[in-house]
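Copied from TrEMBL, the annotated features are:
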ACT_SITE  Asp36  active site, proton acceptor
ACT_SITE  Asp176  active site, proton donor
BINDING   Ser9, His67, Gly143, Phe144, Gly145, Gly146, Asp176, Gly177, Gly178, Gly198, Ser199  substrate binding site
BINDING   His34, Asp36, His67, Asp176  divalent metal cation binding site
Amino acid sequence: MTQVKVYPSLLSADFLTLNDELEALENAKVDGVHFDVMDGQFVPNISIGVPILDAVRKGTQLPIDVHLMIEHPEQYIPTIAEHGADLISVHVEATPHIHRAIQLIKQHDAKAGVVINPGTPISEIVPVLRDVDYVLVMTVNPGFGGQPFIENCIEKIDQLMELKSSQSLSFSIEVDGGINDKTAPVVKEHGADMLVVGSHFFQQSDYAAVTNQLKG
Ligand code: DX5
Ligand code: ZN
């Protein structure tokens, strides 16, 4: 099994003490921070955007993994990249031009990811698997932290692993939603190598312990 990377989702962090949170995450040796952008259109919630991204960029050296849950993502990719994102992922459901969006991310020197919702089949992203650095398999319907893991999304990890091997592809598989001490071992066993962890992570007081447990 490959070593997994852990990306705590800042949506569940304490925004009043964000700088301390970022320092604690660095000390806990997480692999990066996950940054959820929601527009109230693509998903039924709004969250954080460029001013907070600027603050996070100033507050940490950790890679920032931006998950765009917005309509017309192409319009915002250059800005998000210029404000410090290291990885940017775009939902296949959010644009008719997913290939163009992925190229745009790469042109701005960020790692490119494609995201699929629980209701979207893997076949929708097969045409771009060769182009992406990672596939983000949503294991909840996007929009909110703290939702329960949707079991049947695991099958998509299996399908992606098969495609990786049959087509000799090297993308990473990230999972996001309901990841905790029970679900992390399961998704890892199936082949996920990037874990986004929101509510479970920030509910713990010892971030190093939870990071080690999730990686373990
Ligand atoms: C949900 C977001 C997630 C969220 C995960 O739409 O994409 O990143 O923060 O939170 P948990 O781990 O609590 O499900
Ligand atoms: Zn996310």
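Easy rule for this one: first residue shown is 1, then count along the chain.
Just so you know, glycine gets a Cβ as well, placed from its N, Cα and C.
Features per TrEMBL, on structure.
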residue : record                             : Cβ contacts under 8 Å, 6 or more apart
Ser9    : substrate binding site             : Val33, His34, Asp36, Gly145, Asp176, Val196, Val197, Gly198, Phe201
His67   : divalent metal cation binding site : His34, Phe35, Asp36, Val37, Ser89, Val115, Leu136, Pro142, Asp176, Val196
Gly143  : substrate binding site             : Met38, Val43, Pro44, Asn45, Met69
Gly178  : substrate binding site             : Thr139, Val140, Gln147, Pro148, Phe149, Ile150
Ser199  : substrate binding site             : Ser12, Gly145, Gly146
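Of all the Cβ atoms in the protein chains shown, 20 others lie within 10 Å of the Cβ of Gly145 (substrate binding site). Neighbours of His34 (divalent metal cation binding site), defined as other CB atoms within 10 A of its CB across all chains, total 28. Within 10 Å of the C-beta atom of the residue listed as 'active site, proton donor' sit 26 other C-beta atoms, taking all shown protein chains into account.
The 6 Å Cβ screen around ligand 2 retains Asp36, His67, Asp176 from the recorded positions Asp36, His67, Gly145, Asp176, Gly178, ordered by sequence position. Apart from His34, Asp36, His67, Asp176, the residues listed for divalent metal cation, the same chain places the Cβ atoms of Tyr7, Ser9, Leu11, Phe35, Asp65, Val66, Ser89, Leu136, Val196, Gly198 within 8 Å of the centroid of those Cβ atoms. Around the Cβ of the residue listed as 'active site, proton acceptor', 24 further Cβ atoms fall within 10 Å across all displayed protein chains.
Look at Gly143 (substrate binding site): DSSP puts it in coil.
Whole-number maximum of the Cα to Cα distances across the substrate-binding residues Ser9, His67, Gly143, Phe144, Gly145, Gly146, Asp176, Gly177, Gly178, Gly198, Ser199: 17 angstrom. Apart from the site residues Ser9, His67, Gly143, Phe144, Gly145, Gly146, Asp176, Gly177, Gly178, Gly198, Ser199, the chain places the Cβ of Leu11, Ser12, Asp36, Val140, Pro142, Gln147, Val196 no farther than 8 Å from the centroid of the site's Cβ atoms, the recorded substrate location.
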